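K.L.:
What follows is a structure written as structure tokens; I'll ask about it next.
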Amino acid sequence: MSTTAVPDVAVAAVNEGFWTRTRKVGLVLVALGLLATVLFGALATGEQARFTLSEDAAGAALEVNGTVGAIVFGLITLAAGAAMLAGLPKRWFIPVLAVGLVAFVFSFLCWQVSAAPTGQNFMPLVNIVRGTFLLALPLIFGSLAGVLCERSGVVNVAIEGQLLMGAFSGALFGSISGSVWVGLIAAAIGGSFISLLLAVFSIRYLVDQVVMGIVLNLLAVGITGFLYERLMQTDAARYNSAPRFSNWEIPLLSEIPVLGPALFRGNIFLYLALLLVLVIHIALFRTRWGLRTRSVGEHPTAADTLGVKVLGLRYRNVIMAGAVAGIGGASYTLALFSFTKNMIGGKGFIALAALIFGRWSPTGALLAALFFGFADQLATYLGAINSVIPGQFLAMLPYLATILAVAGLVGRVRAPAADGKPYIKG
Amino acid sequence: MEPGEIHALLGENGAGKSTLMNVLYGLYQPDEGEILIDGKPLKLRGPSDAIAAGIGMVHQHFMLVPVFTVTENIMLGAEQVRGGIAGFLDRRRARREVAEVSERYNLQVDPDAVIEDLPVGVQQRVEIVKALTRDVDLLILDEPTAVLTPQETEELLAVMRSLKAAGKSIVFITHKLGEVKAIADRITVIRRGKTVGTASPEASRDELAALMVGRTVRLTVDKTPATPGQPVLEVSGLVVDDDRQVRAVDGVDLTVRAGEVLGVAGVQGNGQTELIESIMGLRPVLAGTVALDGQRIDGWSTKKVLRAGVGYVPEDRSVDGLVKEFTVAENLVLDIYDRPPFGRGLSLRPDEIDRSAAERIEQFDVRTSSADAPVGTLSGGNQQKVIVARELSRPLKLFIAAQPTRGVDVGSIEFIHSRVIHERDIGTAVLVVSSELDEVIGLADRIAVMYRGRIIGVVGPDTPREEIGLLMAGIIPDAPGGSPDDGTAPTATTDPDVAATTDADVASDAGTPATTARNVTATTDGVVSADRPGSEDEKDR
């Protein structure tokens with residue numbers, strides 16, 4: 001067909017111009033690098049900053065003069081940013097970004113550690129790593145629960161409730177039976193119970209999934225709070241004194257410096273979390289179940305026309321997610337503390353942020369959870385050495401990072417296309 | 001259907017073609033009737049049953065996961081797995097299979113490409129590969145050319161020929177006559193959910209067009225000859241894209257004068273919707289101008305256009321015309337709720353709204369239990385009357401009605417038509433768009449026929465239906481060089497899509513209006529009698 005007489009209609013060409021994403025991020029890194037070199041360098045003292053490879057001041061340590069360290073690491077960040085500005089090939093983007101950010105953190109630490117009161121200017125790396133994992137643990141379980149749910153198209157805002165219910169039923173049935181294993185299974189069932197409600201109402205009755213998630217969180221707080229007061233507080237010895245999993249030392253691996261004592265002398269929940277990340281990652285991207293789950297989360301109608309049972313798969317995944325989160329809740333009550341009212345305290349929502357920050361992938365969620373855990377741990381550490389930086393400021397950082405990530409500054413964050421949309425046949 | 005046959009299913013939009021095929025693919029359940037395969041009745045509980053029975057379907061909207069690779073999309077639902085219960089995907093084998101099928105039928109599909117990066121034509125071939133790897137014998141293509149460029153259409157037709165050569169049967173759903181004539185072995189025409197005829201591809205285009213458009217309830221509209229005055233709406237060189245950024249209106253010139261009804265006829269999807277929406281300010285004008293009483297209104301907001309004295313009955317009343325949960329009274333003031341006497345400052349004046357509603361309900365014969373009933377509880381005809389009442393309650397310069405009587409009962413149709421004519425008689429310029437040819441003929445003082453985004457001809461209302469039908473199919477009868485596409489189309493046989501305008505034998509068909517007309521009259525008469533029982537139920541959808 002001819003195209004006569006149609007006046008020229010210019011289609012806006014997609015032209016990124018000079019300011020590609022790499023260059024924009026590079027600019028940010030340069031700013032951070034300058035900040036680190038100038039500010040941290042100036043504030044750091046000439047004291048040695050010691051990063052000990054143990055749990056205390058003793059033993060082998062990485063040492064550096066505070067001022068020198070702050071400036072050198074700052075310059076590394078600056079160089080990473082400059083490389084990006086100069087037009088870095090795409091495949092180098094992530095590694096260079098990682099180097100730049102880690103160097104920035106170390107520059108900051110050189111300042112902080114060297115400026116700490118005399119006798120306290122050391123940072124025990126083992127404690128920091130162990131603390132990071134410990135604080136990240138519920139986040140890892142929670143965000144894995146999110147991955148399972150949302151990859152199949154059901155938004156899981158109820159992670160908080162699933163964690164809480166898991167913690168509660170783990171404590172209750174662990175105490176009654178006196179067995180950690182019974183407690184663990186009960187925790188999984190408790191989490192699944194909240195999930196089942198989410199599944200039925202959002203899949204069968206098409207209730208808005210976000211609203212349903214919030215309601216379930218409140219329900220979980222209500223049920224566990226009520227039973228806590230009626231049962232656990234009146235007879236704590238019987239109902240709230242669950243046995244705890246002891247730490248298992250893994251031969252050989254536990255001898256690795258820093259990582260060994262931090263990671264391989266932990267309890268079952270730590271190992272379980274890392275194993276689950278691996279298993280879910282492989283299952284999601286390499287198995288039939290994974291392919292179908294992802295298709296149902298992206299384009300359920302297409303899956304349906306190929307004979308995939310959309311609703312059944314969603315039910316299964318949502319309930320499995322609840323079990324995973326439930327075990328995460330038990331990582332408190334069957335390893336660390338006894339149950340207290342509302343003891344999850346918002347970790348479920350942080351797990352949700354980790355899920356988004358980790359771009360709906362199990363490994364991404366792990367990294368995001370560790371990042372959040374690290375920031376949390378660092379805040380505690382800075383509090384201990386009386387830093388000038390308020391711990392609250394650091395505690396705030398992860399969420400700022402999440403907002404930036406969701407806003408797309410750190411790359412495109414894209415949820416599964418059918419996430420949150422109920423599937424109605426026909 | 002026979003093996004190795006290409007069977008075209010021809011019909012207007014909403015005729016029931018896609019519904020029929022979705023039943024055949026197991027997506028919808030039939031209310032009655034049965035499907036026979038190899039003489040045996042077949043019960044389909046879902047698409048997997050259909051696939052097992054050797055039926056594959058390429059949907060109008062592709063069923064592909066955009067973020068998956070070609071191989072992943074093709075594997076889905078029929079995965080080859082290893083490792084027992086773990087079910088590890090055997091990607092290598094699937095990949096090989098995709099490459100093999102792609103090779104065998106010359107489909108040129110890259111197994112590792114990600115769907116969202118592929119052009120539409122290639123995505124469609126992925127769909128075809130998907131069906132072929134499932135060993136289907138019968139392939140249903142639902143409006144496959146609707147989204148394709150002419151070149152891609154050409155390639156698709158070639159693919160269909162090679163599938164046919166391999167012994168596969170194909171059901172080809174379309175409303176494009178050129179393609180049907182180029183490829184089909186047999187043609188079934190469907191209208192309003194009924195088979196109205198079968199034809200061979202040798203049938204002339206106008207016979208097919210007549211069968212397709214057919215004749216529905218014959219409605220006569222009483223009217224006196226128009227007394228057109230000054231031009232009110234002047235559209236010139238208008239270019240508009242549809243939602244997919246494909247050119248929908250391609251240089252339209254149109255004038256509507258005060259006191260006349262201009263009817264726009266055409267097979268649906270030829271740019272009518274986009275034309276009206278761009279006049280109303282609902283869709284950006286890419287080029288050209290729209291003027292009302294000599295003042296340019298393109299680029300104006302819809303509210304401003306309405307306030308300038310334009311009344312608008314949208315094509316889809318449930319989506320664009322009414323707020324179904326609101327009451328009849330509220331819907332009647334949706335356009336002027338913020339103006340006196342209905343609104344004052346920040347508040348509404350319910351008494352005024354109710355009073356006016358009672359008046360309108362009376363005047364426009366809206367059958368409702370009360371003015372406070374949610375408008376969604378009314379019948380389609382009465383809902384439409386609410387819209388018409390609302391739009392005609394303001395002093396208008398121009399009244400635009402898109403599909404004013406779609407899905408409306410006969411009584412309401414007559415009423416709405418009489419109101420349209422009344423509006424014309426008091427000197428308003430009226431623009432009516434309808435895919436019901438009878439409606440256009442009945443109402444219009446002049447008829448503009450739209451084809452592929454252009455006005456292909458403007459004729460009087462006493463023009464024979466057959467001639468208008470030809471125009472709707474893109475054929476200009478004895479037009480001396482007036483074809484909109486002339487000159488550029490290659491020879492007729494290789495370009496079935498636009499063959500229309502340059503096709504020599506079609507031109508000779510059209511060149512002998514006497515015989516053509518007689519044939520078609522016979523055909524349509526037959527259709528009318530066949531169709532009559534069905535047309536009594538007024539529900540269109």
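For all residues, glycine too, the Cβ spot is worked out from N, Cα and C.
Because TrEMBL annotations are produced automatically, they should be read as predictions rather than curated entries.
According to TrEMBL, the protein carries these features:
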{"type": "TRANSMEM", "residues": "A:25-45", "note": "transmembrane segment"}
{"type": "TRANSMEM", "residues": "A:66-86", "note": "transmembrane segment"}
{"type": "TRANSMEM", "residues": "A:92-113", "note": "transmembrane segment"}
{"type": "TRANSMEM", "residues": "A:125-148", "note": "transmembrane segment"}
{"type": "TRANSMEM", "residues": "A:154-173", "note": "transmembrane segment"}
{"type": "TRANSMEM", "residues": "A:180-203", "note": "transmembrane segment"}
{"type": "TRANSMEM", "residues": "A:209-228", "note": "transmembrane segment"}
{"type": "TRANSMEM", "residues": "A:268-285", "note": "transmembrane segment"}
{"type": "TRANSMEM", "residues": "A:318-337", "note": "transmembrane segment"}
{"type": "TRANSMEM", "residues": "A:349-373", "note": "transmembrane segment"}
{"type": "TRANSMEM", "residues": "A:393-411", "note": "transmembrane segment"}
K.L.:
Given the transmembrane segment (A:318-337), which of the listed stretches A:25-45, A:92-113, A:125-148, A:154-173, A:209-228 has the most Cβ pairs that are under 8 Å apart from it?
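P.N.:
Looking at each of A:25-45, A:92-113, A:125-148, A:154-173, A:209-228 in turn, the most contacts to the transmembrane segment (A:318-337) are made by A:154-173.
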K.L.:
Sort out the residues at least 6 away from either end of the transmembrane segment (A:92-113), same chain, that have Cβ-Cβ distances under 8 Å to it, and list them.
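P.N.:
Distant contacts of the transmembrane segment (A:92-113): 22, 25, 29, 32-33, 36-37, 40-41, 43-44, 49-51, 64, 66, 69-74, 76-77, 80-81, 83-84, 121-123, 382, 385, 387, 389.
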K.L.:
Cβ pairs under 8 Å only, please: of the recorded stretches A:25-45, A:125-148, A:154-173, A:268-285, which one is richest in them relative to the transmembrane segment (A:349-373)?
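P.N.:
Of the candidates A:25-45, A:125-148, A:154-173, A:268-285, A:125-148 scores highest.
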K.L.:
Taking A:25-45, A:125-148, A:154-173, A:209-228, A:268-285 as candidates, which has the most Cβ pairs under 8 Å with the transmembrane segment (A:180-203)?
P.N.:
A:154-173
K.L.:
Using a Cβ distance cut-off of under 8 Å, indicate which of A:25-45, A:154-173, A:209-228, A:268-285 has the most pairs with the transmembrane segment (A:125-148).
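P.N.:
Looking only at A:25-45, A:154-173, A:209-228, A:268-285, the most contacts with the transmembrane segment (A:125-148) come from A:268-285.
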K.L.:
Test of understanding: applying the rule of at least three C-beta pairs under 8 Å (pairs 6 or more apart in sequence), is the transmembrane segment (A:25-45) touching the transmembrane segment (A:154-173)?
P.N.:
no
K.L.:
For the transmembrane segment (A:209-228), give me same-chain residues lying six or more residues beyond its boundaries with a C-beta closer than 8 angstroms to one of its C-beta atoms, as numbers and ranges.
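P.N.:
Residues 154-158, 160-162, 164-165, 167-168, 172, 194, 197-198, 201-202, 240, 339-342, 348, 420, 422 contact the transmembrane segment (A:209-228) from elsewhere in the chain.
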